[in-house]
Amino acid sequence: MNKQSWLLNLSLLKTHPAFRAVFLARFISIVSLGLLGVAVPVQIQMMTHSTWLVGLSVTLTGGAMFVGLMVGGVLADRYERKKVILLARGTCGIGFIGLCLNALLPEPSLLAIYLLGLWDGFFASLGVTALLAATPALVGRENLMQAGAITMLTVRLGSVISPMIGGLLLATGGVAWNYGLAAAGTFITLLPLLSLPALPPPPQPREHPLKSLLAGFRFLLASPLVGGIALLGGLLTMASAVRVLYPALADNWQMSAAEIGFLYAAIPLGAAIGALTSGKLAHSARPGLLMLLSTLGSFLAIGLFGLMPMWILGVVCLALFGWLSAVSSLLQYTMLQTQTPEAMLGRINGLWTAQNVTGDAIGAALLGGLGAMMTPVASASASGFGLLIIGVLLLLVLVELRRFRQTPPQVTASDS
């Protein structure tokens, strides 16, 4: 009898060429977007010397992403998904070229940066939604947990590498190099994506796009299982906004500039460990209960984080949060894909991703408000323990999610 390993199995990259193409394209895309993410705030700060105008660019791009996720969900359920992915990526690349040309002007336009940020945020979201909706067809629903864990590792690795490369480019060549390489990387991602098979949506009656989107909302609200998963995801994303308190807590712990970096690295490190040790998650008989408990544990870790007497213990709490939130997120992703009808995958994935965007923004705003009334320690603890109380209530209320059972997939020799 073969025993399933705790470690993540990377065999999907060998056995599924289409997923391998997506993996490669996603990694290049994350690095490209990381170059952009470093360049835009630096350029606006250099042009205006205003942190408010820097924040405005983030807000505008986030708003465009939200709209793009809504529209992308409808398009992914209505049109051939490969075409939507390719169109979105190519259109994003055009926007990056625009940013590069604008940066080369003697006097770059701030308005152009904002407008191109709206452009890129919108079209990037279209591709994300279509790709999520297409994933079950690329790997099979029985491999979704494994695919999600590999994707999480890709995102974490790319998110670590790209800011470092972006910073070096800024120091040596200026923002135009960042934009130019981001555009080049985006167009390069089209090469592996062209090898994907056709990904048609399931046949369904034609209806007005708004009516189609409302149908997705109704399904989300009417399904205790899928709706509960989305709600937990939003709360978990709110908890991750604790990073806005890092500078203030660093002062409280009297941390040096070098030590502050450990706070920012702790959650990604914990999440990477969670993804690497997710080998048995797909074989859990009660994934809903495990999701609820791991979410509660992550809230407790945030509540304890601010109370730690030493910063190193705070880092341990953040790493624990990263690990538990990775477990919860992987279970959310897998259950959402398996419990959503094929005809609804685009819209539900769009709504699920959108709540991640809004949950982070709401969490940051709430923590900012708490920070104005409380000490940083009290703000962090209040947010964590407040979410823990809500989580306990959801553990009692979300009966269908708590009691959900699945038949674990059969373990083969290749899985060991």
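Counting begins at 1 with the first residue displayed.
Each residue, glycine too, has its Cβ placed from N, Cα and C.
Given the structure is predicted, the values throughout are model-derived calculations rather than measurements.
Per Swiss-Prot, these features apply:
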TOPO_DOM  1-21  topological domain 'Cytoplasmic'
TRANSMEM  22-42  transmembrane segment
TOPO_DOM  43-55  topological domain 'Periplasmic'
TRANSMEM  56-76  transmembrane segment
TOPO_DOM  77-83  topological domain 'Cytoplasmic'
TRANSMEM  84-104  transmembrane segment
TOPO_DOM  105-109  topological domain 'Periplasmic'
TRANSMEM  110-130  transmembrane segment
TOPO_DOM  131-156  topological domain 'Cytoplasmic'
TRANSMEM  157-177  transmembrane segment
TRANSMEM  179-199  transmembrane segment
TOPO_DOM  200-218  topological domain 'Cytoplasmic'
TRANSMEM  219-239  transmembrane segment
TOPO_DOM  240-256  topological domain 'Periplasmic'
TRANSMEM  257-277  transmembrane segment
TOPO_DOM  278-287  topological domain 'Cytoplasmic'
TRANSMEM  288-307  transmembrane segment
TOPO_DOM  308-313  topological domain 'Periplasmic'
TRANSMEM  314-336  transmembrane segment
TOPO_DOM  337-356  topological domain 'Cytoplasmic'
TRANSMEM  357-377  transmembrane segment
TRANSMEM  379-399  transmembrane segment
TOPO_DOM  400-416  topological domain 'Cytoplasmic'
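Beyond its flanks by at least six residues, the transmembrane segment (219-239) meets 288, 291-292, 295, 298-299, 302, 321, 325, 328-329, 332, 335-336, 339-340, 344, 347-348, 351-352, 355-356, 358-360, 362-363, 366, 383-384, 387, 390-391, 394, 398-401, 404 of its own chain at Cβ-Cβ distances under 8 Å. Simply put, out of 56-76, 179-199, 288-307, 314-336, 379-399, 179-199 has the most Cβ pairs sitting under 8 Å from the transmembrane segment (22-42). On the 0 to 100 pLDDT scale, the topological domain 'Cytoplasmic' (1-21) averages 80 in the predicted structure. Taken through DSSP, the topological domain 'Periplasmic' (240-256) splits into 14 helix, 0 strand, 3 coil. Touching of the transmembrane segment (110-130) and the transmembrane segment (56-76) is concluded from the presence of at least three CB pairs under 8 A, sequence neighbours closer than 6 excluded.
Distant neighbours of the transmembrane segment (56-76): 40-41, 44, 84, 88, 113-114, 117-130, 133-134, 201, 209, 212-213, 216, 345-351, 353-354, 357-358, 361; these residues of the same chain sit at least 6 beyond its ends, with a Cβ under 8 Å from one of its Cβ atoms. When Cβ-Cβ distances below 8 Å are used as the criterion, the transmembrane segment (257-277) is approached by residues 6-8, 149-150, 152-153, 156-157, 159-160, 240, 243, 246-247, 249-250, 311-312, 314-316, 318-327, 329-330 of the same chain, each at least six residues removed from its ends.
For the transmembrane segment (288-307), the most Cβ-contacting stretch among 179-199, 314-336, 357-377, 379-399 is 379-399 (pairs under 8 Å).
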